[in-house]
Amino acid sequence: MNNILIITGPTASGKSKISMKIAQDNNGIIVNCDSKQIYREIPIITDQPNLNDTSVEHKLYGYVSVTQQYSVGLWIEDLKDEISSIIQQKKFPVITGGSGMYINSLIYGLSQIPKIEDSVRNETRRLFKTLGKKEFYALLIDKDPIAKCLHKNNSHQLLRAYEVIEQTGISIFVWKENAPREPIFKNFKLCILMPPRSEIYKKINERFINMINTSVIEEIENLLSLNIPAHFPAMKAHGVPEIIQYLQNKISIDQAIEIAQKNTRNYAKRQYTWFKHQFRNALFYESQDQLLESIKNSYVYYN
């Protein structure tokens, strides 16, 4: 029996809306698997659900500070605790979100890379800050030629690859390929919502305009006031870099909107390709109605 439902898909595909519908109808609780919606201080820019809405209970949203060093491994532990609690309550767990790394780890399990010592992690970040992206990237490639596949601007992945090769002497890609992995849960059904791209692009554009019309500028001002390092995940949430540039008088608000919309659309485009090739046993749906119809007889709900 499948008694855990996972709903994923590109950004702005309607995951949250369909998850709410399913949870409302079936005594469910929604659990977050979006790597940016975990952060407490940025609910608007990350489009977090309204946690004051008592019609459906939400878990793992806005519960981590942007100043905290958090990882997919910590999220997995938090997730397992929440799912265990939900099942004990005889309620229906609906896991939803679109972060590729979180979904991949949930479905296939975590790579068993040794824990990185604090001294190695701190030295890696010191080097990154001292050398800058370009020279740090060159240093990484010299130590780990396989890491050349990483994008030069993906600070998080560059730092992670460097600290792994520095501590273990083995490329992070070798660890990931050779280490045995097991799914976190075995009793799940994975549904991927993939509406036409034109629909998603339209929603992305509209969503960012709606954010600008709320207090998102103030939210990012407060984020900046915390003085957290630029490589921290929250600083790279969609729209954050562009609004920061606006606040620093480097671009206009119209330019910030246009660039953020374009970057988010490009991200959604990459997500389409990634989801199509990543999960062999997933079920794909073009619309929310298709997904709803498909799962009607697939679960024993706890009503």
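Positions of Cβ are set from backbone N, Cα and C atoms, glycine also.
Residues or ranges marked as ATP binding site by Swiss-Prot: G9, P10, T11, A12, S13, G14, K15, S16. Residues annotated as substrate binding site in Swiss-Prot: T11, A12, S13, G14, K15, S16. Taken from Swiss-Prot, the feature region 'Interaction with substrate tRNA' applies to 34-37. As annotated by Swiss-Prot, site 'Interaction with substrate tRNA' applies to S99, R121.
Features per Swiss-Prot, on structure.
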residue: G9; record: ATP binding site; Cβ neighbours (10 Å): 27
residue: P10; record: ATP binding site; Cβ neighbours (10 Å): 25
residue: T11; record: ATP binding site; Cβ neighbours (10 Å): 20
residue: A12; record: ATP binding site; Cβ neighbours (10 Å): 23
residue: S13; record: ATP binding site; Cβ neighbours (10 Å): 26
residue: G14; record: ATP binding site; Cβ neighbours (10 Å): 20
residue: K15; record: ATP binding site; Cβ neighbours (10 Å): 25
residue: S16; record: ATP binding site; Cβ neighbours (10 Å): 21
residue: S99; record: site 'Interaction with substrate tRNA'; Cβ neighbours (10 Å): 22
residue: R121; record: site 'Interaction with substrate tRNA'; Cβ neighbours (10 Å): 18
- Message: With helix taken as DSSP H, G or I, strand as E or B and everything else coil, how many residues of the region 'Interaction with substrate tRNA' (34-37) land in each class?
- Response: 0 helix, 0 strand, 4 coil
- From A12, S13, G14, K15, S16: binding-site residues whose CA lies within 10 A of S99 (site 'Interaction with substrate tRNA'): none
- Task: In whole Å, note down how far the CA of R121 (site 'Interaction with substrate tRNA') lies from the CA of S13 (ATP binding site).
- Result: 36
- Query: Other residues with Cβ within 8 Å of the Cβ centroid of T11, A12, S13, G14, K15, S16 at the substrate site?
  - Reply: G9, P10, K17, G98, L193, I200, K203
- Task: Other than G9, P10, T11, A12, S13, G14, K15, S16, which residues of the same chain sit close to ATP? List them in sequence order, counting a residue when its Cβ is within 8 Å of the Cβ centroid of the site.
- Result: G98, L193, P195, I200
- Rounded to a whole number of Å, the separation of the Cα atoms of P10 (ATP binding site) and R121 (site 'Interaction with substrate tRNA') comes to 32
